[in-house]
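Marked as ATP binding site by Swiss-Prot on the basis of sequence analysis: 75, 76, 77, 78, 79, 80, 81, 82.
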């Protein structure tokens, strides 16, 4: 009996010591730096912007990408990185936010951005000559306190001035990594204070001679991996066909790192060419999973009313009836404990002196 009491005493002491350690870690490194994976605990009162994908908003645990944070989106070529970020831009603009696009790759398709719902007339765009210029412009925009979202496309295209002015065969190891490390040290605090969301798009490279583990790595050194609150790995996993014609990609996004909610969740959605993420398709799939949309054979119904035979027809019905689509989406969000639509508008930013 005494042994049991002693064991309980030790256990209580351990719990007390653990609570003190967790409190110290949170005080030193910030809220959300450590959490129980099974709890599903998330940082409270966090302002977010939707990604344009219901499944990804749910996988992120807070209903979207967190404001006042650095986010990295990376993946192979043509996997949907720019499409996803342009959808985030469109969502931020719907909330009345001001967005900037730092086009270091000099490859932004304005017409395509318009098709995804981006208000291109009010989108700030910069096509810098060097990596230093791109990051100085980013710093100036963040410090202004008037920008809600900045996209840098891409880290690989942030070429240091010394490399541009040098000869083609010059060896300049670690130059870009040092540039990124310095910029992020400077930017992070300001980003938090001004409540600006900064998204870095990144490319994948292969490490030579890797025998075990993944040979893939992202460009620009390790600094971004540390400073990013959210890291998303986006991949194309299949094609969507209409007859013999390929009309889109099946896409998977894995939340590789998440400081505001438990990580490692995945989201699957369709990206349709010329339209972007198929929001209606996701609403149908997640609505069926949450038993909000009924599926009997090939027919889909909502509130006892048939909305289409086959997914394509149901998708078309929701496209023609956006109010019903919003209603179903909000019910799905509510069922899964995620913030409903149009409740994620940010507070006014703080202007840097």
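The backbone N, Cα and C atoms fix where each Cβ goes, glycine too.
Using the Cβ center of 75, 76, 77, 78, 79, 80, 81, 82 for ATP, the list of other same-chain residues with Cβ within 8 Å runs, in sequence order, 234, 236. Cβ neighbours within 10 Å of residue 79 (ATP binding site), excluding its own Cβ and spanning all shown chains: 22.
Cβ neighbour count for residue 76 (ATP binding site): 14 (other Cβ atoms within 10 Å of its Cβ, all protein chains included). When the binding-site residues 78, 82 are compared by the number of other CB atoms within 10 angstroms of each CB, 78 has the fewest. The Cβ of residue 75 (ATP binding site) has 81, 204, 233, 234, 235 as same-chain neighbours under 8 Å, each 6 or more residues away in sequence.
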